[in-house]
Every structure is written in structure tokens, then in C-alpha cells.
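Have a look at the structure below before the remarks.
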Amino acid sequence: MTHDRFSAGPHWLPADAQRPHMSPAWWRWLASRDSLTARLRAANPQSFTVRLLAQGMARPRLDEAQALGLDPRARIWRREVMLMLGDTPWVAARSVAPLASLHGARLQSLGTRSLGSWLFRQPGLERDPIEIIRSPTPTFITAHGRAAPWGRRSILRLGRTSILVQEFFLDAMAADLALPSR
Ligand SMILES: C=C(O[C@@H]1C=C(C(=O)O)C=C[C@H]1O)C(=O)O
């Protein structure tokens, strides 16, 4: 099975290394360590929904395997969603977890409930440092919208379960929030 690739532009960099290249408005979205779902719901409670694009076993992308310290041939669980405000996709998210680390975490049964709304309720949740990428173009979002200038990722840890959560902000969100071009 070929690895899913995307032209990632420069590599994932620590948030602080990218901070000088972005506006404060983008920094507030990219660097927040709380739940993105909660922030989107606050932006428009009535119309936030999760559209499930794909979920199940797969092979990691090379950058995902490297972030999770996995052999690229390892099988992982992956979930791809669009976070919607009304009919508009604002964020494309791809979350990846090593199968061996799931330990019964009820990720498969999430459906269109937000991963974050479950994760951030778990006691003892830990979040690794956030990394940011400039101009990502992950293939799974091309049919649903154009990526805005930034994407972010971090590993969320719950006991022995590690989930690499990647969020790619879309142009429509930038337009709706009148966010600057970078
Ligand atoms: C991690 C969070 O959950 C959000 C919801 C996701 C989902 O439902 O698959 C994936 C990533 C996040 O954008 C969050 O709310 O911060």
C-alpha cells in the first residue's frame, strides 16, 4: 500500500518557531491548547457539526509515523473529519493512533460526535507541544475546500493511548472570521 503523501511545504515546526511568521489573530487559533471544538462551538453554537469523512485502519503517512515513533509499515487507526459551521467546512482534521495504543478507547464509536468533546472530558489528558506547518495541502481535504495558510498538530495522551491530532484550517474559516492572509 503506498503511503498517503501531501506536499507539506516546510516541515512541521514548534509553534514558537512559526510565531514570527503569523499574525496574532492566527496565533490565537493555532497555539490554543484547549479544545478546538469548544472554540468553534463558541464561535457559533447553533451550527457546529462534525462531518465524518473516513475512519478505520490504515497505514500512517511518513510524517505521522515519525511523530508517533512508529515503523511506517505499522497499522494505525485514522479518523478524518470536517468541522463544519453550518454548511461550510472550517477545519479538516485527521487523527491517527497506533492500533496497539488504543486499549479499548471508544474512538470507533464516536461517529459524528467530536473527538475533542470526548477527549477533553477525560481526566488525566495530556497534550504534547503543538507544532505548526505552513501551507499544507493534505490530499484528504482537496475535495472539500482549500487549506488556509496554516495547519497544526499535537499528540494527545490518555494513559497509554496516544492520538496525533492534525488540524488544517480552511480558507472558508479565514474568510468567515476575516483572518489575515498569514
Ligand atoms: C481534538 C479535538 O477534536 C476535534 C474534533 C475532531 C474529530 O471529531 O475527529 C478531530 C480533531 C479536532 O479538531 C478538539 O476539539 O480540540
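Using N, Cα and C of the backbone, Cβ positions are placed for all residues, glycine too.
According to TrEMBL, the protein carries these features:
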BINDING   Arg79, Leu115, Glu167  substrate binding site
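Maximum intra-site Cα distance, substrate binding residues Arg79, Leu115, Glu167: 12 Å. Apart from Arg79, Leu115, Glu167, the substrate site neighbourhood in this chain, defined by C-beta within 8 angstroms of the site C-beta centre, holds Glu80, Val81, Ala93, Arg94, Ser95, Ser114, Gly116, Ile163, Val165, Gln166.
When other Cβ atoms within 10 Å of the Cβ of Leu115 (substrate binding site) are tallied across all protein chains shown, the result is 20.
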